[in-house]
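Here is the structure we will look at, set down as structure tokens.
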Amino acid sequence: MAENGAAAAPEEAFDFDLFTIGAGSGGVRASRTAANFGAKVAVVELPFAHVSSESAGGVGGTCVIRGCVPKKILVYASMFSAEFQDSKNFGWNVPDGITFEWKRLIANKDREIERLNGIYKRLLTGSGVTILEGRASLVDDHTVEVSHSDGSSKRYRAKHILVATGSRAVRLNVPGKELAITSDEGLNLDELPRRCVIVGGGYIAVEFAGIYSGMGSKVELLYRKKTPLRGFDDEMRAVVARNLENRGVHLRPDTNVTKIEKVGGELKVSIDNGGEIMTDAVLFAVGRKPKTSGLNLEELGVELDKSGAIKVDEYSRSSVPSVWAIGDVTNRINLTPVALMEGTCFAKTAFGGQATKPDHENVARAVFCQPPLAVVGLSEEEAVAAAKGEVAVYSSSFTPMKNTISGRQEKSVMKLLVDTGDDRVLGVAMCGPDAPEIMQGISVALKGGATKAQFDSTVGIHPTAAEEFVTMRSVARFVTKSGEVRKP
């Protein structure tokens, strides 16, 4: 028997103890950790490219090559325009006519991504992991076939197979969808568009709106709901929307795209209220789809959900005992640090003799809009449903010290949600400078079950924005289980 009771063929029939399909963050972590436990490991990944396709990927995966890392580089670049303006009241004489060179930024970004791609390869080989390049598909529950770009293929036998193929950006199914780009292309354009329509209300759409607008593009953000960032705290969603507008992004809520057409050198976007928008680029940020097509999973009996994600148990094992899955391909919490955690837990379970379940509670999240939003725990709406008693809402809205001099009309907003039944802090949110850095520390407290009394007993660091979280004493409102709001 294999680990955890999985039936397996005789030991000598295996080429590897673990065969990982996908060398993104989760796949690399799982492979290295398994190898450190003494397992013989191979990982297969598609050839490197900055823009993904059915035949291109790269070691490092979405986060490193065409996601979190290049996105954050572009966020940094886009922030300078506001910094130049803010610096004037601090005594800096900023000359008029400062220009921005997109091509230089992209070249430097590409150089850094290629460096990281090399580092990830060295991390794998340094751990004794065999790297294979090609496209993988499952032949049976212990056999993977790797097809190479030269047309050759080879089969490998493995005691365990781990699917860590991630997800891919999707396009709206409307006429002219082929004229639009996704976040992949949005990070790799030859030229910065003078005008851009961004379709979607999630964190990728909001982040790209801030990036392009900060670099000087005229941005229109179209989304179906009243406010962007569905799934986040409603009050914080409204704050983000207000900040986007104040920084020059034109918001179009309750709006759907019906068609895209090429008119000369421009694109014409038709929307469902009968209007039309002329633009230079259309970016779809309308979601991502798990990358399971072509793997032959369903034919082997691996259950998928309606989105195509692999169904797994609490240990990340699929319906076929020798096949496991982690990361975005399982559509649990689609964040890189979560995939890293799941990869570590899988390796401990399968090879470390430590059955370990991934813990998906109190996972901190950040949206790198400008200023950024960061949250951990429950939203106000979720807290009301989960609390033992009423929810005490503590909130603070203030002008950051920097803005008192720069004159920027932008406030930081903070929020604590407390269960009056046991004084536990159920959720924390912040929109303002440095919010993600602050929230990482706060998440440790929530993971430990911190109470409001413990927050209150903590001495703050002055002068910082973060100290506000340990000095909020006045309840803004109470919310009952029925949703009734009452004043203190």
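Glycine too: its Cβ is placed from the backbone N, Cα and C atoms.
What TrEMBL records for this protein:
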- 17-343: domain 'FAD/NAD(P)-binding' (DOMAIN)
- Cys63-Cys68: disulfide bond (DISULFID)
- Lys72, Thr165, Gly166, Ser167, Asp328: FAD binding site (BINDING)
- Gly200, Gly201, Gly202, Tyr203, Ile204, Ala205, Val206, Glu207, Gly287: NAD(+) binding site (BINDING)
- 363-472: domain 'Pyridine nucleotide-disulphide oxidoreductase dimerisation' (DOMAIN)
- His462: active site, proton acceptor (ACT_SITE)
(request) Give, as a single whole number between 0 and 100, the mean pLDDT over the domain 'FAD/NAD(P)-binding' (17-343). (result) 97
(request) Between the Cα atoms of Gly200 (NAD(+) binding site) and Cys68 (disulfide bond), find the distance and write it as a whole number of Å. (result) 18
(message) For the C-alpha pair, I'd like the distance in angstrom between Cys68 (disulfide bond) and Gly166 (FAD binding site), rounded off.
(response) 14
(request) Tell me the Cβ contacts of Ile204 (NAD(+) binding site) under 8 Å, same chain only and six or more apart in sequence, or just say none. (result) Ser183, Ala285
(message) I'd like the Cβ neighbour count for Gly202 (NAD(+) binding site), meaning other Cβ atoms within 10 Å of its Cβ, all protein chains included.
(response) 18
(request) Identify, among the binding-site residues Gly166, Gly200, Gly287, the residue whose Cβ has the fewest other Cβ atoms within 10 Å in this structure. (result) Gly287
(message) Please report the Cα separation of Cys63 (disulfide bond) and Gly202 (NAD(+) binding site) in Å, rounded to an integer.
(response) 17
(message) Considering Cα atoms only, can you say which of Gly202, Val206, Gly287 is the nearest neighbour of Ser167 (FAD binding site) among these binding-site residues?
(response) Gly287
(message) I'd like the number of other C-beta atoms within 10 A of the C-beta of Ser167 (FAD binding site), please.
(response) 23
(message) Measuring Cα to Cα across Gly200, Gly201, Gly202, Tyr203, Ile204, Ala205, Val206, Glu207, Gly287, which the record gives as the NAD(+) binders, how far apart are the two most distant ones in Å?
(response) 14
